[in-house]
Structures are given as C-alpha cells and as structure tokens.
Amino acid sequence: MTEALQWARYHWRRLIRGATRDDDSGPYNYSSLLACGRKSSQTPKLSGRHRIVVPHIQPFKDEYEKFSGAYVNNRIRTTKYTLLNFVPRNLFEQFHRAANLYFLFLVVLNWVPLVEAFQKEITMLPLVVVLTIIAIKDGLEDYRKYKIDKQINNLITKVYSRKEKKYIDRCWKDVTVGDFIRLSCNEVIPADMVLLFSTDPDGICHIETSGLDGESNLKQRQVVRGYAEQDSEVDPEKFSSRIECESPNNDLSRFRGFLEHSNKERVGLSKENLLLRGCTIRNTEAVVGIVVYAGHETKAMLNNSGPRYKRSKLERRANTDVLWCVMLLVIMCLTGAVGHGIWLSRYEKMHFFNVPEPDGHIISPLLAGFYMFWTMIILLQVLIPISLYVSIEIVKLGQIYFIQSDVDFYNEKMDSIVQCRALNIAEDLGQIQYLFSDKTGTLTENKMVFRRCSVAGFDYCHEENARRLESYQEAVSEDEDFIDTVSGSLSNMAKPRAPSCRTVHNGPLGNKPSNHLAGSSFTLGSGEGASEVPHSRQAAFSSPIETDVVPDTRLLDKFSQITPRLFMPLDETIQNPPMETLYIIDFFIALAICNTVVVSAPNQPRQKIRHPSLGGLPIKSLEEIKSLFQRWSVRRSSSPSLNSGKEPSSGVPNAFVSRLPLFSRMKPASPVEEEVSQVCESPQCSSSSACCTETEKQHGDAGLLNGKAESLPGQPLACNLCYEAESPDEAALVYAARAYQCTLRSRTPEQVMVDFAALGPLTFQLLHILPFDSVRKRMSVVVRHPLSNQVVVYTKGADSVIMELLSVASPDGASLEKQQMIVREKTQKHLDDYAKQGLRTLCIAKKVMSDTEYAEWLRNHFLAETSIDNREELLLESAMRLENKLTLLGATGIEDRLQEGVPESIEALHKAGIKIWMLTGDKQETAVNIAYACKLLEPDDKLFILNTQSKDACGMLMSTILKELQKKTQALPEQVSLSEDLLQPPVPRDSGLRAGLIITGKTLEFALQESLQKQFLELTSWCQAVVCCRATPLQKSEVVKLVRSHLQVMTLAIGDGANDVSMIQVADIGIGVSGQEGMQAVMASDFAVSQFKHLSKLLLVHGHWCYTRLSNMILYFFYKNVAYVNLLFWYQFFCGFSGTSMTDYWVLIFFNLLFTSAPPVIYGVLEKDVSAETLMQLPELYRSGQKSEAYLPHTFWITLLDAFYQSLVCFFVPYFTYQGSDTDIFAFGNPLNTAALFIVLLHLVIESKSLTWIHLLVIIGSILSYFLFAIVFGAMCVTCNPPSNPYWIMQEHMLDPVFYLVCILTTSIALLPRFVYRVLQGSLFPSPILRAKHFDRLTPEERTKALKKWRGAGKMNQVTSKYANQSAGKSGRRPMPGPSAVFAMKSASSCAIEQGNLSLCETALDQGYSETKAFEMAGPSKGKES
C-alpha cells in the first residue's frame, strides 16, 4: 500500500510540475548577474522550478528533510499492472480501441431481448477471444518487466551511512537524493550523481554509456572543480556544500547547476560532472559522488519512453475503408429494417406471420423495423473485420523477421544486421517518393585521410602522400582480386589544381571491401592475459591509409629551417624569424592541441600517457625564445596596451587562475570539423582511435631537423602513442601534425604537452575548451603559451565562419595587415580548390589575449557557467566575445571517400523514381563534387545554383529559373503547375530534361520562409536532385517537414550523426546508419543499417514486398467479409427480413475466426510477386508502390463489387438447385458455407503470384479443419444451440453427389470472371510487374537478353522524348555541355547564365535591381543560345 501511495504521489507531482516547469518569470537579467561578483551572496533570479540537493549526513539532517525528503527514492517500476488492477486496467486500455468498443456494443445489444439475433454467449466469443489473447500477451510482458525491476532494485551498492559513518551495502531501491555513493571499476551507476572524487590523478572518470545510448566507446567525466586537486578521498562528514540544479529532464546532453560552498562561493556544474544511471565505471579504480536524481527522475528513466508509434499510410487508408464498410453495414441494415416493416405491413392482420406479444399487443411495422435494424447490426457484424488488425500485426512481425534475416544486410566488419525499431511501418518502405540523405558517414565512409594544407598562403599538395594512397589502394585490389568500377576517391574527381602542383593521380582510388579497412589486429594487455583481437568500431581509425601521412617536401624543407638558433640572441640583436615560419609553428601547434584527443599507450588504449610538467625538464634555449614570441604576439595583438609594446600587468591573481572553470573540458561536442560536412548538435560522437603503424615508423625517421628528435626519458616514442578521438577528423589532423614531428604527447585537464621537433617539449596550460556547436560552427582551445607566457586562443572551423571572425585588415594599413590580407585571399583560393576536389575543408586561426582581456572575459564566463537558466545562451555569448579578431594561419583539406556501392545505389533509387536530396554542412563546391561522384547529379544535368544574400534576390532568382525550365517544356502537354497538383512533378519522368538544384544554407533560410515556400517547392519539383549545402540540423528538419506536409508525399531521411536526429524523426521513415558518429541517429530511427548501399534492397525489394503483401491482404479481408456477410443478407429476402441465419451460429463465428484466418496471414508474410533479383535489376518496378497501385480507392470498390457478385453466385446457385425440394434451412445453409469456403480460398490462390508448399499446406489444412469441425459438431451437437440443429447434416451431404456438384459449379461460376481477367491481363495488357514476373521463369541466357531488351526500350523512349523536347523548343538554343565529374562547377549554370556571370547576376539581384536589369548586368550570356 505504501508503494502504491508513493507511486500515486510521484505521478501527481509530475502532473503538477508539468504545468509549471516551463513557466518563466521573465528574461534573464544578465547585467545584474555581472554585478554579483564571484563570492557574492546574492542569488541570481532563477526562473522555473529547480532542485536543491542537501547531503544526507548528520549536520544537515533538518535541512535534508526539508529539501531532499520530498524527492522520490531510487526504486523503479516499469510495470503497468498489479494483481489487483490487471483486469480492469487492461480492459480499460483495450477498450480505447474503436473496434473493441464497437464489438462490445454489439455484445450488449444482443442481450436486449427485442433485438437478439444470436445466442448471447456466442456473440461474446469473438470479442472474448481477442481480448484474452491480448491480455495474456500484456500480462506476460508485464511480468517480465516485474522480474527485471525486482532484480535491478535489489542490486547492491556502497552508500554512506550517517549513523555508522561509513560506507555500507544497500539495495539500489534504498538510495535517496543526497546520498554519497562509492563505486568501483566495472560497477553500474545506480542513480544520477555529481562526481566529487576519482582515483585518477587528473580527476577523470571513464564511463561506458552503451546501456544508455548504445555507444560502446568510453567517455570521460570530470570531478567538480576544486575537488580534483584533493590527494585523499572526499570525506562526506566534511562536506559542507549544497547543490542547486535544474529539475529532472530527459536531455542527456545537458546538466545545469552549481555547487555552493559554505562561504557562498559557487562552482558551475555541467554534464561533464554528472554520472548517469545505467552507465558503467571503466578504467577508474574508485569514484565518489552525491545523488541528485533518483529513480524515475533520472535521465535514463525519463528517456525510457519506448519506441515511437507511427501509423503507416496503408493503415490510414485501411481505416478509411473500414468507415466505408460501416456505412455499407448501415445501408444493409436499413434495407433489412425497411423490408421487414413492409413485409409486416402486408400481413398486419394475419397473426400467423405477425406473432403478437405475450400480452396480446401487436408491434407496429414501424417499431418492428426499428428493432430489426439493430438485429441486422448484430447479424451482419462480421462485415467489420475484428480479426483484421490482429492479422495485420502478425503479418508485420513476420515481415520484420524476414527483413532482419536477410544475409545481404549483414556487415561482417561491424557484426551487425539491419535493425527494425518500428514494427508497424514496414510497408511504408515501398512507397517512398523523397529521400533526404546526410553526406558524411552516410554517403561517405567517414574515414578521414589528410590530403593537403595551406599555411601562410602557400599550398602544399603532399604529392608523395597521394602516391602512397594510390599504391595502398592498388595493393589491396591486387590482394583481393577486386576490380572497382566506380571511383571511391573524391579528390581525383577534380581536374584543376594549384599552379605549383602537378596531377599525380593516374587512376581512381577505387572502393574496396570495408572489412579490409581496419588494418591488422593489436594486442590488448600483456602477459598471460594478453589476447589478440581485431579492431572494433572504437578503433576503426587504424588503417595505415588513414594514420600515415607522408610530409610534403617543400613544407619539410621549411620545417628543417626551424631551429632554436632562429630565436636566440645574436650579436646583441634579436633576429626576427620569418613570418611564414611563425605561421607554420602556430599552424601545427593548433592541429596538435585544438581538439579533445586522448593520448594512450598502444598496449593499454584506455590508459592516458602523462608527462612531468615543463618546469622539471632540462630544456635548453627556451627562455631565450620567450621574448621573441612575446614581441611577435605584441605586433599581432589588437590590445591597446600590447600595441604600445608593453607587457600588461596581470590582473588575475594566481589563486584565481588556478581555479579556472571547466567549460566541457574533457568531452565537448563533436569538433568543428564535423560542421565542415555536417553541423553536429549532440556532443556524443563515436570514438576513433589508432596507434602507430610500421609504415609510419619508416616515415617517422624522416629528418625534419638536422638533429635527432629525442623522446622523454622513460616515455614511449611518438609511434608508440595511441590517439583516441571523438571524430576521425580530429585524429587525421593530429596524425598530420605528428608527421611533421609536432607530436601530441599527453593531455590532462590542466595541460597539453606537444613535442615540437627542435623546439623540444612544449607544455601548454589548458585554460578552456570551447566545444563545437551548430550555432558557432567552430571550436576553440584557450591555452597559456609556454614560450610567450601569453594567453592564446586557437580556433578551427568552417571557412564561412572563420573568415568573418578575422581581424579587419586595411589595404592601406601596416605591412603586417597587408600580409594578413594576402594570406587570407590566397587561403580562400586554396579552400575553393580543395572543395572542388571534394575535400573537407577547415580553417585554422589564432588570437593572442592580454592577461587583462582574459581576466575580464573569464569573469563574465564564470557567471555564465554558474547560471542555471539560459546557460546555453550565456555561454554562447561568452564564446562569441572570445572568438573574434582572429589571425588566419591556414587551412586543411581532408578526404572522405565514398562508401562502397553508393553510386550504384543512388542510380538505382533514381531509376525507381525517388527524388534524392543531399543535406550537408559542406561548402558548395565540395557538396557538388561529391554529388557528381556518387551519381546524385549526372554530367548532362542542367545545374541551377541558388546562392543569394537577400530574400528578394532569392525570390527573383527562383522566378527566373522557373521561367527557364518552363521554356524547355512548354510544348509538353503533361506539364502540371504547382497550384494544380503538388503531388506530381511538372516534368514527365521521360521528358529528357534533367535538372539539379544547389542551394546554400543562407539562401535556404530565405526559401523556407512562408512567402517563398510555394515557389521553392515548385522549383524543386522540376529537379531530379537537390543539394542543400551549409545546412544546419534545424534547416534539415524544416526541409523534410516542408516537403512532407506541403507535397503530401512519403519521405525518408537517412543519417548517421546526432545532427541528423531531428531530420530522422520528422520524416515518415527515419533510417540511422551505425558507423563512426555514435548511436544517436540509430536510437532515434525507425530502421538502422550499417551502410548506405543496404538502402536500395531495403526499399526496392523488402519495401515493395511488404507494401504489396499487406495491401493485397487487407483487400482480401474486406472481400472475404463482404462476400460471406452478403450470403446472410440475400437470405433475408426469403425469410421476411426476420434476421434469421441459414447456418449455425458456431459455423458463422468460426468461418472468419478459424477456417479462413491462416491463409491470408501466410500470404501476407510469404508472397513474392517478383523475385528479389528482378526487383534489384529493374528498379522501375518500385514506382508501382509510389503510385499505390496495389491499393487505390477504386481498387477497394472493385473488390467489393467482386465480393457482391461472388456472394450472389454462391447464394443463388444452391438456391435454384434445391428449389422445390424439402431441404430445411440448415441443410440449405451447409452447401452455401462449403462453397463460400472454397471460393474465398481459391480466390486467394488466383491472386497469389508465388505459391509454395506452405501456401498449399495451409489452404488444405483450412479445408480439412472445416470438414472435421462440421462432422464432429454435427455428430455431437443435437440440441446444444437451439433453435438450430446441425445434427448429421454434413454426413448426409457428403454422401450426396448433388452436394459436390453444387460446390464445384458454384465455385467455378463465382471465380470465372476474376480468373478470366487475370489471364487476359497477363497476356494482353500486362503490367510491368507481370512482365517482370515472366523473367523469373527464363533461363539465365534468356533472362539476360530480356533485361537488355527491357532497358533498351526504356532508353529509346528517353532518347525519343529528349529529341522531341529539343525540337519543340522555340528558342533554338544550343545545349550547354553538362558539368563533368572532373570539374563539377566549371560549366554549372543558373538561369542559363554562364558560371562566370552567375555571381554578377546574383549580386545585382541582391542590390535590388530588377530581374531584367540584373541579367543585362550579367553580360551577353543572357542572349546566348544554349
């Protein structure tokens, strides 16, 4: 009873809190917060509800009871039922379904004597059976949950007891908010708790979150600032602080609050300090934390909402037709009621036909008709298929089973199959019309290879590295005898290169099987326990093709000039080193430290490498270098005090600096490089780790300096280090820096150590890590430089963002400003070249801050960090105040190769009639190049580019493009405008006109505005493919939502990262790709695959099968019920519409419930109208599902008409056969039931395209079960069901030849029209499905010839249509050559304007010129004929 009260109290509080949780009392007063100061006792105004956590110890006993005593304990209960409430609650839930309520109404109605049609108990049978089956299923499910809950609640953990003053064993269910918990390695965390102590020297705790979000890579959590420096374990009795944090919520990536000490000093808390329930402690000996959320208020439980429920398009169509069946039922019942009233009115005075009531009262015909209406409702209730929905669920489970059992979906490398997370929308896979795809990790492998870089305005091609990649690829191809016909490399798809670089690619970097990308195995542990295991997904970034980087010879020469002498005093004068040298040093330092890479030992990948501090190292000549770095920084800084050449006095006390706040120090979100191709929202990304390989050891000895690079005493060499990165981009940059002996040696929460060639080990004090977010699109690290002792900000991000944050340089300014402007212009040119080669680009920049500037920023940043409400906004504002007036150092180009089979899959999906949109965070040139490489765009496509700076210009440019497209197809009668029909594309599929649209993120923002949405959708409907570049996660979801809601089409979104989650959830079907980017996309998806190529078979084969199977099965159910119910309806015309049945009630009930239920289920699971091989070879067949050809509205009515015809035959053939005989009512009904059974079963045989022995076995079993039941029932039931008496009827009929003749004749006549129609359809006017079905019966040679003929006819139709389209044009323009895959952007056109004048046209539109004037300014190209 206590548990029930607590459960009710919990839900009541949740209900009350839900109404007030989001109520804000007003905007956050940031200026008042600034005035509070660091140790001010003034509490900022907090909006909404917050939680105060007081430690569960003796000194806080009264306060604990006041605050924490009201919170729920850690007991969980996921069950819905108890022994007392199971029956009423389960029935209550089941009667939420309209169908169950309908049949319950019929049961109640049958208990009314005036309208009773059946024996009362019989009417209840179907409903009772359905309710019982579902109740048993729910009960078993709930009992399983109960056992799991009991097991979890009784787990043991160490909890501090305030009475015994020590840690004691307690069950999880007894843990409360405020308890101190001590956990050891490999223990599961029992509740959400703030980390106060870790045995790790750096205050780090490693956790595995696979039980929470599916990710198996380890994550790091940080001890609360101020407790990490303690040498001993935290003593709960000495803990005198309290915690104030936000109310419980389900956001795994957010935790806001602060810890307030007894002296009112506050320390900000973030998700980096929170250990979540369900995670496991790894590689940490022991941790101590205080519980802040327990039980059902933990984030894990709040996220445990189960799979999302989606209703498929086919199910919505079936629900509509059920309503039509209800209308048909009402019409039939009204007919029976009117007929009964008319019949009684004719015999009103003849008591033989109109039997009076027991009191002698005669019921009027009108009232009798009213009663008969309800009697007919009961009699004809089978018209509404109660078993339809149960059968649909069974069929869907069978379909899902076969999808997951398909061996073609198995990924040997990842040991994964396709996951079907949504069980009720498999049929929607066969009706997809629009596909929205992410790029990185979805279309590409997300395995990054460092290819090129630009430093200080000089481009370094790394030609030797390119040759190495080629040789590596060729070696793999030779070993595997694998000939790749499609290029997997994006860099070789581009023709233009920098002037100083020569083309080194003689052939494509072909794709290779993914299981050869992992490299060799490595050894975990040592000694006897060591075992050799293959690389898993956590260590995927381990192939030599990814880890090895061959240095560029020109850059290598410049590195060799970097020596300590360059910075040492010479003849009492300081020689300024070349500015390019300083750029190179900072560039590679930024590559090495501007990340969150964790350095590990290869034999123990999870153990970090730590080095002694810089102060204890015998490093020579560094003191002399400091002054020069300071002077260089002075020249570059924009601070007035630094411009004067004076070193500012530190305004930050040592104690203040030592307590630097952690801004997501150890595990920020996926770094900025993710934005380069996709803007990432979530901080959780998959791990990529790798160790040095033999190839790198060979290149590692290349002399960057005149002397040898020495490692620290007792520390491993650079090639013995293992890097664990959150994304492959980070690891690629760190390995690139290591190739130039700028080696990341170690990383702790307080410092980063880099071994920089001749300069020796450099230890940077790590002040802050500002993680990546989708708004800033960059990440930064704030460090104190060991040489200059200045605060330096290193930033990396997308060029579109970094270029806007650079310090403004005037052409008339100082020489340094001019040089920076030149560097910026050259770097931008290099970035464009990289993007045209399909490389992912990043900009690297830095900023030097004075201590005064840093102290001011730090003060404001601390206040933002310790706020609870609006923390994200305040931290964003703080980061943007820091990341400005940057100095550009250079840029990088990283190659991300296409996945195996992507071009073929996209080509097949295009042929299937699916319009594909690529939504990416990449820049325009990169996105277009990759679109050509994966065959999303074809070389002869007409390419239109939307890249404007204003809304008006966007609208005018779209209008111009639409006019150009309309000119091309003005003679085509099939053209349809958007206002007429949004569902059909304006351009016929075989018109020969192929167009592609490229739109940037800024322009997309304009296009998504309500005033331009219709115009934008009309433009995209003309295009076969659309590429949205520089798109944010929010824009991705808005695009999907716009297309889905306005065009009323079936959409599918596929992605692999956290930035794709919103898009995946908005689409009709969301598919997650399990790869390098974690499991967020998979957890949010309806289906999960391991590679994009699996999508083609999932849609073209299984999607087609699921849709056609379920469509035909649903239609068959409607047909079967209408055909059988009409037998009862026709009989009413011969019994005075009295509501009498000519068959026994038991047979009537079991006809649908037992005799004819199994065959359609087997049909729905096993039917194959076309083989998988043919469906893959002929993707065009998929269009039948897009058009819903298997289940159209007229198909439903034709099916019902056929059912009416068959019921007429089934009734009147036996009627005329036995007319004039002395056959009684039940003897007449027996041949009707038997013939009806044969008709409905053989009807299914006619409709089946692939009969197997299972089909035949089930059909024969259904027939035998009917005869067996009829014989046994007729022999045993004499008067068990009055007034019917089926005694010995079947036995008599089975001895009568007329019975067999009637059954055969009735079945033949009833099925003859459908059989003749199917025969004529297959021979005279076969559909594409039937023509393709013929291929399955051909020999391999005949099949090959037939496929060539099919494809040849299709190409001939396209060519004919294309030439007709060209001849129909009035402009007579000469066709422009389509952009090639070699140089995608060269001949891309917009509004038929040459690429060279495109930007001028857009600029004119942006400046407000009219459309005509803009194109006049664009040059003479407007008049060219294309």
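Cβ atoms here come from the backbone N, Cα and C positions, even for glycine.
The membrane topology recorded in Swiss-Prot splits Ile363 and Ser1250 across the two sides. As stated in Swiss-Prot, the feature transmembrane segment covers range 122-142 out of the listed 122-142, 416-436, 752-772. Annotated by Swiss-Prot as region 'Disordered', the relevant range among 38-63, 220-245, 506-531, 636-661 is 506-531. Nonlocal intrachain contacts for the transmembrane segment (1196-1216), taken as residues 6+ away from its ends with a CB within less than 8 angstroms of a stretch CB, comprise 321, 324, 328, 1115, 1118-1120, 1122-1124, 1126-1127, 1129-1131, 1134, 1228, 1231-1232, 1235-1236, 1239, 1243, 1302, 1305-1306, 1309-1311, 1313-1314. You'll find the Cα of Ile998 (ATP binding site) roughly 15 Å from the Cα of Asp438 (Mg(2+) binding site). Nearest in space to Asp1060 (Mg(2+) binding site), taking C-alpha to C-alpha distance over the binding-site residues Phe772, Gly921, Lys1002, is Gly921. Distant neighbours of the transmembrane segment (1253-1273): 1144, 1146-1147, 1150, 1154-1156, 1158-1159, 1162-1163, 1166, 1230, 1233-1234, 1237-1238, 1241, 1244-1245, 1286, 1289-1291, 1294; these residues of the same chain sit at least 6 beyond its ends, with a Cβ under 8 Å from one of its Cβ atoms. Annotation: Gly921, Asn1059 are the binding-site residues among Phe772, Gly921, Lys1002, Asn1059 whose CA atoms are within 10 angstroms of the CA of Asp438 (Mg(2+) binding site). Only Gly921, of the binding-site residues Phe772, Gly921, Lys1002, Asn1059, have a C-alpha within 10 angstroms of the C-alpha of Thr440 (Mg(2+) binding site). When secondary structure is read from DSSP and collapsed to three states, Asn1059 (ATP binding site) falls in the helix class. Within the chain carrying the transmembrane segment (1293-1313), a Cβ under 8 angstroms from the stretch's Cβ atoms is held by residues 1202, 1205-1206, 1209-1210, 1213-1214, 1217, 1227, 1230-1231, 1234-1235, 1238-1239, 1242-1243, 1246, 1267, 1271, all 6 or more beyond its ends. Residues 1231, 1298, 1302 of the same chain, all 6+ positions outside the topological domain 'Exoplasmic loop' (1217-1224), place their C-beta atoms under 8 angstroms from a C-beta of that stretch.
Across the structure, Asp1056 (Mg(2+) binding site) and Phe772 (ATP binding site) place their CA atoms 18 angstrom apart. A simple way to gauge crowding: the CB of Phe772 (ATP binding site) has 28 other CB atoms within 10 angstroms, across all the protein chains here. Among the binding-site residues Asp438, Asp1056, Asp1060, the residue whose Cβ has the fewest other Cβ atoms within 10 Å is Asp438.
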